[in-house]
Amino acid sequence: MTILKLPTFAPSTLTNAASLIRILALAFIAGAAISSRLFAVINFESIIHEFDPWFNYRATRVLASQGFTEFWNWFDPTAWYPLGRVVGGTIYPGLMATSGVIYNILHALHLPVDIRNVCVLLAPGFSGLTAWATYMLTKELKDESAGLLAAIFIGIAPGYISRSVAGSYDNEAIAIFLLMITFYIWIRALKDGSVLYGTLAAVFYFYMVAAWGGYAFITNMIPLHAFVLLLMGRFSHRLYSAYSAWYAVGTLASMQVPFVGFQPVLTSEHMAALGVFGLLQLVAFVETIRNLLASKQFQLMLRWFLIAAGVAGGLIIVGLTVTKTIAPWTGRFYSLWDTGYAKKYIPIIASVSEHQPTAWPAFFMDLHMLIFLFPAGVVLCFKELREEHVFVIIYSVMASYFAGVMVRLMLTLTPVVCMTAAIALSSLLDTYLNVDEPANPDANGVKETATSGAETPVDGTISKKKKKGVAAAAAAAAVTPSIATKAKGRSSAENGIFGIDTRILVIGNAIFMLVMFVLHCTWVTSTAYSSPSVVLASRRPDGSQNIIDDFREAYYWLRQNTPQDSVVMSWWDYGYQIAGMADRPTLVDNNTWNNTHIATVGKAMSSPEEISYPILRKHDVDYILVIFGGLIGYSGDDVNKFLWMVRIAQGVWPDEIKESNYFTPRGEYKVDDQASEAMKNSLMYKMSYYRFNDLFSGAPAFDRVRNQQMPKEGPKLDYIEEAFTSENWIVRIYKVKKEDPLGRDLKTAHAFDGGKRRKPSKPISRRKALAA
Amino acid sequence: MRLLYGVLLLVASLSAAVAQVTHAELVRLAAANNGVIKLNPVLYDALTAPNRQWSAAIQFTALSPQFKCSPCSDFNPSFKSVAKAWSKVHSAERDQHFFATLDFLEGQDVFKRLGLSSAPVLQFFPALEGPSVRPNPQRLEFSYDFSRHGFDAEELAKDLSNHTPIPIPYTAPFNWQPWFFGFTFLVLSLVAGRFAWIYLREIISNRWLWAAATVGLTLVMTSGYMFVQIRGMPYAQHNSMIAGGFQNQFGIEVNLVAALYGLLGASYLALILLVPRIPSPIRQRASVYLWTGILFVLFSILISFFRIKNGGYPFKLLL
Amino acid sequence: MQQRLLSWLAITLTVLASAWARSSAGDKVLVVSDAKLEAAEYSQFWDGLKNRGYELTFRKTSEEAPATSSFDVPSFSHIIVFAPSTKTYPADISPQSLVHLLSDPTQPTNILFVLQPSTPSSPLRDLGREFGISFPPPATPLIDYFNAVSPSNATSLLLTPPVTPHTPGFNGGDVLYSGVAHLRSNNPLLVDFLNAPPTSFSADPLEPADVIVEVAASGGEGFWAGGRMGLVTGFEVLRGGGRATWVGSLDLFRNAATAINGKPTANNAYALALASWTFQETSVLRIDSVEHRRISESSPRDQYRIKDDLIYRIHVSAYNPATGEWEPTSQIDDMQLEFTMLDPHIRTALSPVQGEKGWYETKFRAPDRHGVFKFIVDWRRKRYTALHSSTTVSVVPFRHNEYPRFLSSAWPYYLGALSTSAAFVLFCALWLLGGNEEEKKKTQ
């Protein structure tokens, strides 16, 4: 019994049409994914965003202009002055190599594309590929319709867009694609037991290792999957060959990345993979013997041997870790488990805003309705519980924990949420788009068996949906093939939905949700995630947009008005931008590898001038750059980051810098009259508020970030002088004075220049000591 | 300056005259109480005399239950164990440094004199005369920074070691108790598991049990549980249950949001799994309407909840 | 550096073309004097300078022109300040602008300051403090009953300055000094030329006894007396080689002082000798060029590798006032090179090269530490021009293909890899063969 009579087609026509629609849908999804990431380019311009991308961009330019070998050997004397940075050995080159290859291909095709545009548009481009990879993986979990839904979800979910808008040229831009494709091929390898696919997974794993430090997620997910399958008693030769191929080839390949080196055999993060590899060998060995030998005692012995060998292997790894042969977990990873660890021991890691834990609104903001479809999808995975479903379940548990601990790891959660949500939604659509009605038990036991269930696409509701644009592409494709296959199986089932109104209600509700989702994603992407943070936008009272371009103004000032080799000191957040936009050597940058050097800068910023000055001179600092938001209320400024500078400096010089000295006696962080002496004398405070009072022409100055009234008397500077202040005072640049030519300290020299008289000195009696 | 010293000396000698507290007496008192001298105002003045040839770490605390000072009782064991570790040092060095404690009940006027309004405070008094005077940076009086080092005995020993004549030989006592219980528990559960294997196996291999655990975990995690945990957010505040600000939340919000997500997910599951199994068309239709309604209402609640957090959010449903 | 060399070169050329001025810095001299000062009273000094090729321009402190600099380019190479009594100066010769002119890093203006005890509160006294020179209270000239010309006039002293190679032309003899003493701080840039006699002190000449009584009561504190006090003090600024000299006696330069009681004094010779040091005629050195390269190569690089063997060479010239030319000198035997990143990693002696006059060199091996290094030569000796040179190079680690390729300690790994490959081939061969047999069995 069906609720609608649908036209019949030949099966071949149907499959052809379905695959055509699928391809079209995928193409549209990729288009939607790419175009929703272009808000940044349209609102601002084609520009590299934020901080790390500036380094990646600079490195890519070196790669494009000097070739890969030179890039590999690149020693950058302008970073971490004067220590320099061995760039080739301290980065994941995958991203730069990718855009270098694309750049070269385009040029070989005589398309003279600027390397900057390649870099800006790389992330959107790869998001299309990510959508495809997610489609493939979800197809393995359920079917094509779920796959298409997952593809559109990942295509526009803000959780992934936040890291892949045009211009955010960071490792994550390609890493999520690699993550999904590696997982997909792993699942394929596991399903087929194919060594070829296992090797292919290893190849993509290698690409991932070369591209992102987060590869450790794969390194631990796949072994965990294998291990859980073992525990569930699902050992198979498919698992054995897929895992062995992946591990052996993948580990060898990953060691070819200079930055990774011997880590895969020496650090704790990689030990799980090694352990599971060993365990699988043992289990496979035992299985083989068991199949060959029949004796029961022998099998029992084997089982004990297996257990003993496993325990021994585990003990060896533990022993090696204790004796430090295997490096313990690095701070970054360890802080994921022991959440108080970073704050206590590595303030640099804790100071990064994207390493903070995630509050619930961030989850909803990034995933909207997917976040509650997620548990539903997980339950559906439990319903089937094939090997790939086990994988998704493990993935969702791990990723949701990690995303809760660290905001930036929302990125790894997003794909699994999209997949499970797609499974849930497509199951819903499957159920309610099925035109077959079950036999009505009330209708006098007349059991009609529906026969023509297979040929029933598209009634009024669906065509309505088509007008809904993006959502329609996914949903429409969801309908056609699945009904074709599933309905046959279910046609005689007693379960099903009665009536057409129920169907319209549920489907309508689902479509409504999808529309809300699309609107939400568009809104979030355009307002929250498309700011380059190099250029800021604000609204004027009349609603028009006001572009604040202080950063570039200041960086270009540095580039054009200072000698090429003048060293610029700033807090590490701005190191990459100065190197990229101003092209000047910096003391510290966002590659926070040397804590002491950062602490040195922290100390210079938090000490009084006369203590900072020798530090500045020792490091050949010519200019100091500070970010000050007090005038226009830009809250991410250096005074708000100042406590981290103090804290980090205190870690190295606990006797000289004390955090408590920078608070008022009542424990408040103040910059006004009540600010502590240490605070008022610190170089950072002085540089931020130098001549700030002058702006208010007599009226008391007011800091709009901290909402405090400044003291009447502004700070004075003797050892440095103001060189440049940007339009909105966000960036202030100071020049460090040279030693006084007359050998005075600069405070005296400055007083003399100001026309002040020095106190006359008197001869000291040489006989005083005797007299006393 | 000299005058001040003179006055202080006078005061000290007066009090010393009263109590006749000598260095030997202090050593005896310390030895009598596991290395910690129990102070009273007289002893305090003797111990911190301006001509002292020894250094001292004095814990100002309020241990009696009427003050309800839980940090005091948190810190006291650490202090005691470090002092005990010090009492094991060879007497030549040991008698150059004392650990002492002064309870608020015993020495209110000392607290008042020092202007202490909170407890616990650990103050270090360096030696001012004699052979154990230390070079400059270690010569200052200072109070131990709890906010930085915490109440841990190990940290305390490490920090104080910079100022004592020789480093404090403190090693964290190996805590046998959890290991012992853990091992016993493991053996017992193994034995029990061996006999109850048939039932246990049912439980362990019950996939819906695992499903419930997994879903529970993901719900809790995606509702910001870790945020509350790491930041130590309160469960709720008196006047409001919802914390202001986008990057902020209270403990109770974890429950609310997890419940919302759970119910929304459950209503989808009901529509997918349960509803098609209902054999009667009328009851089925009713439940479809019911679940869809629940879905819609809950979603509206969720969005309005989100609008509280994020004032600029432009979309709204029923609420 | 380049600019400085060029300017020197230009100056040298013009000097050679015009006449032969003795100074390495230029021959234009501005004499700034008090309004009341009679220039003719010092004509012997002026003539002496003119004979040495200097062009003198006179200007009273009450006048505004000629300016000391136009558009921030100094107009004169040297300034003589004969204005101890003026209380306010025009803006372009205010203490601040004099310091500014003197400390110009590329084209410094040398200055000769002359004071007089009668000066009540000249700005020069305050200016002296900036150099690290402090003066006794006003109107307290130097008094010495042991070296006085006559007991009745204890403020006119006959002193014997030391003969040094830095003050050529002065070959000993007595100098009549009547003026003020000063106290030098421990500023390392100060150079002492003439100290007060140990028996001298500063006091009001009308009531010297009062001062001594007063000071004796207070245990000697604040007593301006003894051989520590300076009378003539030179000063060399930190960068640029500008020189200033403080002389406490205007009378030293007076025509009348060239003879006392019919006996000639060495005053004029000494004054001109002081001027010759101040105007950078003597003890002037410069670095002409600096070279660095790998020992095995002939041209320099921007970056070297760790453990490279490097050679560093520096060429130093001294100015010869007799010929007015720069001549290479190998006289310096205590020059050092530092190879510095934050701290000196290598500090080694730069020794003169045999047979190549003016060249100093050192060979060393770059440290096993990559980073941005500087070759620093910083040679500072009193009375000589300071030599300072800093060259930045980076020291990079090995390139990826510069490491040793085959390691003997890695043989187990090579063997392991080879044996595994061999075993794999063997296994494949056997497996393929075995497969055939199985099929045969099946077909049978």
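Positions of Cβ are set from backbone N, Cα and C atoms, glycine also.
Heads up, TrEMBL stuff is auto-annotated, nobody curated it.
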A:86-106, A:464-484, A:611-631 - the range that TrEMBL marks as transmembrane segment:
A:86-106
Match it up for me: which of A:144-161, A:216-233, A:414-431 does TrEMBL list as transmembrane segment?
A:144-161
Quick one: do the transmembrane segment (A:20-42) and the transmembrane segment (A:118-138) reach 3+ CB pairs under 8 Å, ignoring pairs fewer than 6 apart in sequence?
yes
Between the transmembrane segment (A:86-106) and the transmembrane segment (A:144-161), are there three or more CB pairs that fall under 8 A, provided the residues in each pair are separated by 6 or more in sequence?
no
Is the transmembrane segment (A:362-382) in contact with the transmembrane segment (A:173-189), using at least 3 Cβ pairs under 8 Å (sequence separation of 6 or more) as the test?
no
Given a Cβ distance threshold of under 8 angstroms, which distant residues of the chain, six or more beyond its ends, lie next to the transmembrane segment (A:86-106)?
56, 59-60, 63-64, 68, 71-76, 79, 112-113, 115, 118-119, 122, 169-171, 173-174, 178, 207-213, 257-259, 591, 593
In the same chain, which residue numbers or ranges, 6 or more beyond the ends of the transmembrane segment (A:271-293), come under 8 angstroms Cβ to Cβ?
219-220, 222-224, 226-227, 230, 235, 237, 239-240, 243-244, 247-248, 251, 264-265, 299, 302-303, 305-306, 309-310, 313-314, 317, 321, 326
DSSP residue counts for the domain 'STT3/PglB/AglB core' (A:565-615), split into helix, strand and coil:
30 helix, 5 strand, 16 coil
Over the domain 'STT3/PglB/AglB core' (A:565-615), work out the mean pLDDT and round it to an integer.
92
